[in-house]
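What Swiss-Prot annotates here:
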COMPBIAS  1-12  compositional bias 'Basic and acidic residues'
DISULFID  Cys160-Cys242  disulfide bond
DISULFID  Cys221-Cys234  disulfide bond
DOMAIN    139-243  domain 'C-type lectin'
CARBOHYD  Asn125  N-linked glycosylation site
CARBOHYD  Asn196  N-linked glycosylation site
CARBOHYD  Asn212  N-linked glycosylation site
CARBOHYD  Asn218  N-linked glycosylation site
REGION    1-39  region 'Disordered'
TOPO_DOM  1-79  topological domain 'Cytoplasmic'
TOPO_DOM  101-247  topological domain 'Extracellular'
TRANSMEM  80-100  transmembrane segment
Amino acid sequence: MPRKKQNERGTNKQEIINIETKSSTFQEKQRQSKTDQISTVWRKEQKKQELKVHTELHPQHRTGFNEDKGTDPWLTTWRIITVILGTSCIILVTKVGFLIPNLFSRGEKRSRELSLLDSLCLKNNDSFCDLCSHDWIAFGNNFYLFFRGTKTWAESKSACEELNSYLLDIDSRAELENLLLFEINGWILFKTDAINRSLRKNYIKIHQTLFNDSEKKNHSCHYLSGNQFSAGDCSSKKAYTCEFNLQ
């Protein structure tokens, strides 16, 4: 009996020791877990502080980059601007390519006109100086001078004669087509030869107005308005165009 009791006591002591050992091991694990948690939190805080300091020392420029969509709005805007500018440059270069030849052709044409007038002034006497002192416009060998001031038909005719020229006389289809570009409005010579009859029939509208016998005498002068011939009162004042021809 005494030996049995001793064995029981030994067993109880061993169990107590095992329980105490397990308890102390569990407490150590808890302490270690808490220590690890504290260490992890500390490391996170340290990283945050380091990142904050780095951001303050090296501020990043805003680029407008959208991480969610993976696109850069600024880049898209610049691409659109680049396309617009490129298209505008192409259009501008194309226009310049068309304009430069026209400018050169106009300059050459004007140079030929001036050389014709210069040669005319040098070869002739002082009576041709009036032709050289005005800005005449040339179509082939025909030169024209447009006046916006108004005169009667007789005054217009006399003014052109003073410039050693004559009142506008349209005698060909080519001449008419050139003059229609300028939308001439004023007194003209109105001949009844075959050429003028053909022009009036095919290319020019004649404004017909009924006059009595007394009015016909005063309305025997004609003027051109756009592409229309009209009979007008010779005493009324209108614009006019002078013309001369180099044969």
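Along the chain as shown, the residues are counted starting at 1.
Just so it is clear, glycine is given a Cβ too, placed from its N, Cα and C backbone atoms.
Here the features listed in Swiss-Prot are placed on the structure.
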residue	record	DSSP class
Cys160	disulfide bond	helix
Cys221	disulfide bond	strand
Cys234	disulfide bond	coil
Cys242	disulfide bond	strand
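In this structure, of the disulfide-bonded residues Cys160, Cys221, Cys234, Cys242, the smallest number of CB atoms within 10 A of the CB marks Cys234. Counting in whole angstrom, Cys234 (disulfide bond) lies 16 from Cys160 (disulfide bond) by their C-alpha atoms. Here Cys242 (disulfide bond) is positioned 16 angstrom away from Cys221 (disulfide bond), judged by their C-alpha atoms.
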